[in-house]
Amino acid sequence: MLSSSSPRIDLDGDLEKNESQVPSIKSTTDEDIQRYTADALCISNRYDASGDMPEHIAVASVKALGPPPDGGLLAWTQVAMAHLVVLNTWGTINSFGIFQTYYTSALSRPPSDISWIGSIQVFLLFFIGTLTGRLTDAGYFRYVFMIGSLLVVFGSLMASLSTTYEQLFLSQGVCIGLGMGCLFCPIVAVLCTFFVKKRNLAIGLSISGSATGGVIFPLMVRQLLPQIGFSWTMRCIALVQFVSMLIANIFVRTRIQPRKTGPLVEWSAFKEGPYGFFVLGSFFAKNFWGVYIAFYYIGAFSRDILGYSYHDSINLLVLMNGIGAIGRILPGLIADRWCGPLHVIIPASFICMVLLYSWNSIHSHTGIYGLAVIYGIFGATVQGIFPAALSSMTLDISKSGMRMGMAFSIVAFANLSGPPIAGALIRKADGRYLYAFVFAGTCLCLGTIFSIICRIVKGGFVLRAKI
């Protein structure tokens, strides 16, 4: 439970003073045709070798909504809008390391306490995905999207007025987290309806918004915090969020007709081997029980172990996020052209596992920068290809929002507990990071194993299958 008696603190206090304290088909009606067309359109490998759509799908599509455009001004506009959404969701999450370090000092709380702010943020982003995904399928995307936009901006404004741990937890953690949950799952579900053959590229371009936000927000904090203080820095961040989300609300569009009826949760989905194993692998590897722990603690590690200043630790986080743009775009191209998303995410998870296991052998500035570059690329690959791989597990496009939301809600519990576990392990080891990174590496190991099982269940032992 959060204590209501936490002392009020000055978040606009002397930055340099704070620095020294951081511890670190069959159809007879139009309705039938539409349903079976939706089933067919969601399977990216239903195209023949020439890239043409099979005749039975094309004929049905004429009578229904038509095939996904896989390009054109409207479709690529949705990619740009999704990029803005991810900038304000995962871009913010990837930037929490700057607040992790600063709050630890300003609030005089241990790292595991501070990490709960970021953890609840990401937990809510995923956990309410079941609800927001189903509302998107039911035709309420516009309302959900607008509410999410307002909550993100409002949360940042309230954080600018916060002076206690509890206030920051509610504003930056709960309020912004709820807003993110109303934005991320719906926008990914909508985006998937515009692309089939180029879906991995489209999602990769949109997910690269996390790299954009992961560069913009830390640089804003680094430049503004010493000059105008914490409160006005958060208000400037809120202004960026307001303008970008206003643009997204104006130009975002939906394509699939609403599916008003249907359950909130489709339990039978977990009986499908590929979907179930992929979600299980995602719990361990694709989220905070694995890959994201490094993004939270690289700044603190560089300060505590290598003696970096607060500003230098921000530069390291900016590099790690910025170089990740390569890992979010290039793997999508590779997956679309040659091998499919699962064949990309498995080796990327394995490489991240190796890097996490070897993290504590880093004792030099050159080593930590080299590790940040490599991990930034492959960690971003795991992040960026995850939604595309998840969407490939859903055969009915009209259920894409619900299926994604179900998976998001499950992995939410990994997001909630991962960083605090890592923080507790750091405190248990008297400030050393060995146990935390071994924990993260083991999670990646388990996630990689379950992803391999998912691939075998889905495609057998045919090595050249595009999965």
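Quick reminder: no glycine exception, Cβ is built from N, Cα and C everywhere.
Where the annotation comes from TrEMBL, it is an automatic prediction and has not been curated.
Copied over from TrEMBL, here are the features:
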REGION    1-29  region 'Disordered'
COMPBIAS  9-19  compositional bias 'Basic and acidic residues'
TRANSMEM  73-93  transmembrane segment
TRANSMEM  113-131  transmembrane segment
TRANSMEM  143-163  transmembrane segment
TRANSMEM  169-194  transmembrane segment
TRANSMEM  201-220  transmembrane segment
TRANSMEM  232-252  transmembrane segment
TRANSMEM  273-298  transmembrane segment
TRANSMEM  310-330  transmembrane segment
TRANSMEM  342-362  transmembrane segment
TRANSMEM  368-390  transmembrane segment
TRANSMEM  402-422  transmembrane segment
TRANSMEM  434-457  transmembrane segment
Exercise. Do the transmembrane segment (169-194) and the transmembrane segment (434-457) come together with 3 or more C-beta pairs under 8 Å, pairs six or more apart in sequence?
Worked result: no
For this session: With pairs restricted to those 6 or more apart in sequence, evaluate whether the transmembrane segment (113-131) and the transmembrane segment (342-362) have 3+ C-beta pairs under 8 Å.
Result: no
Seminar exercise, completed: One stretch in 201-220, 232-252, 273-298, 310-330, 368-390 has more Cβ pairs under 8 Å to the transmembrane segment (143-163) than the rest, namely 232-252
Exercise. Is the transmembrane segment (434-457) in contact with the transmembrane segment (201-220), using three or more Cβ pairs under 8 angstroms as the rule and ignoring pairs under 6 apart in sequence?
Worked result: no
Exercise. What else in the chain is close to the transmembrane segment (310-330), if you only count residues 6 or more beyond its ends and a Cβ gap under 8 Å?
Worked result: 15, 18-19, 22, 91, 94-95, 97-98, 101-102, 201, 204-205, 207-208, 210-215, 218-219, 221-222, 294-295, 298-300, 302-303, 348, 368-369, 372-373, 375-381, 383-384
Problem set entry | Region pair the transmembrane segment (434-457) / the transmembrane segment (273-298), three or more CB pairs under 8 Å | yes
Exercise. Apart from its near flanks, which chain residues at least 6 from the ends of the transmembrane segment (232-252) lie with a Cβ under 8 angstroms of it?
Worked result: 77-78, 80-81, 84-85, 87-88, 145-146, 149, 152-153, 156-157, 159-160, 187, 190, 216-217, 220-221, 224-225
